[in-house]
Amino acid sequence: MSQKFLFIDRDGTIIAEPPTDYQVDRLDKLALEPDVIPALLALQKADYKLVMITNQDGLGTSSFPQETFDPPHNLMMQILTSQGINFEQILICPHLPEDNCTCRKPKTALVESYLADGVMNSTNSYVIGDRETDLQLAENMGISGLRYQRDGLNWTQIAKQLTQRDRHAYVNRVTKETAIDVNVWLDREGGSKIKTGVGFFDHMLDQIATHGGFRMDIQVSGDLYIDDHHTVEDTALALGEAINIALGDKRGIGRFGFVLPMDECLARCALDISGRPHLEYKAEFNYQRVGDLSTEMVEHFFRSLSYAMACTLHLKTKGRNDHHRVESLFKVFGRTLRQAIRVEGNTLPSSKGVL
């Protein structure tokens, strides 16, 4: 999997840029931008690799001798390193604009190695800087740019924007029997819109979203003039696939077993988002239908869902009322799923290194 990178400007972004001569050439001119250290630490924790890229006009010439550049730069690096911030590379263009070099931002010579196929995750990599040239560099690299402003898009806001997850997936499934659109937002809650044509099934799916703490929109057109089999089965397959896609690389997610009593029912669920589909199911019903949903399709729903979601699922309910027994299964699954998809860190919860 390709890597996420942040290409970060120095003067005016990591450290303050002197407004008079725009050169940090003395120790007393060195000042970090507010909140840059906690922001960079948070971004590193979110698996971004850091690259510093800076234009230093005339560096090494009489107008900006190397010996005046080095002390504040080295102190800055010592401070950042001491706080656990590590830059993969420090890329410096020492030329003046009139030199017409190929490495001065917004030109891309300094970052050519990152533009090779498979090196950089271009969707989730950014240039961060305080000047228009930084945004132009981002455009030339084919990635997004963020314009840093101390009183606008500051480091706290940048860190929040780049680390706040919004896991989403869309699945369109069309067969001879059904046409299904599923949108899943694992980090949003409320506002789910569900219409399968089977009213009680809609109510059960809403239990998953409500108790799972996420939003899903499901629109189904199926062959209900025959029965509810294809509608329930294909919805489960599309929903399971959407959840699996939205989980992404699964870093930081938890695994959880949950017990939910409901009136006279006791439902148990254990869920492992393991990459290995399996269902253990135990539930008995007195009647063939609850509302307009076939009770035999409840097991089939969870079997299809666990297959498409690539999870190991144990479900069991006991009680007297069929409505409550069915509802308890969907609720307990939702509550367990809430725990399993919640992001609690950044490590992959597997000794195998893959889920």
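Any Cβ shown, glycine's included, is placed from N, Cα and C.
What you are looking at is a predicted structure, and each value in this text was computed from that prediction instead of being measured.
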Which candidate from Asp70, Asp99, Asp117, Asp130 does Swiss-Prot annotate alongside Asp9, Asp11 at the Mg(2+) binding site? Asp130
10 Å Cα neighbourhood of Asp9 (active site, nucleophile): matching binding-site residues from Cys101, Cys103, Asp130: Asp130
Give me the count of other Cβ atoms within 10 A of the Cβ belonging to Cys101 (Zn(2+) binding site). 15
If you measure from the C-alpha of Asp11 (active site, proton donor), which of the binding-site residues Cys93, His95, Cys101, Cys103 fall inside 10 Å? none
Zn(2+) site shell beyond Cys93, His95, Cys101, Cys103, criterion: Cβ within 8 Å of Cβ centroid: Asn55, Pro94, Asp99, Thr102, Arg104, Lys107, Ala109, Leu110
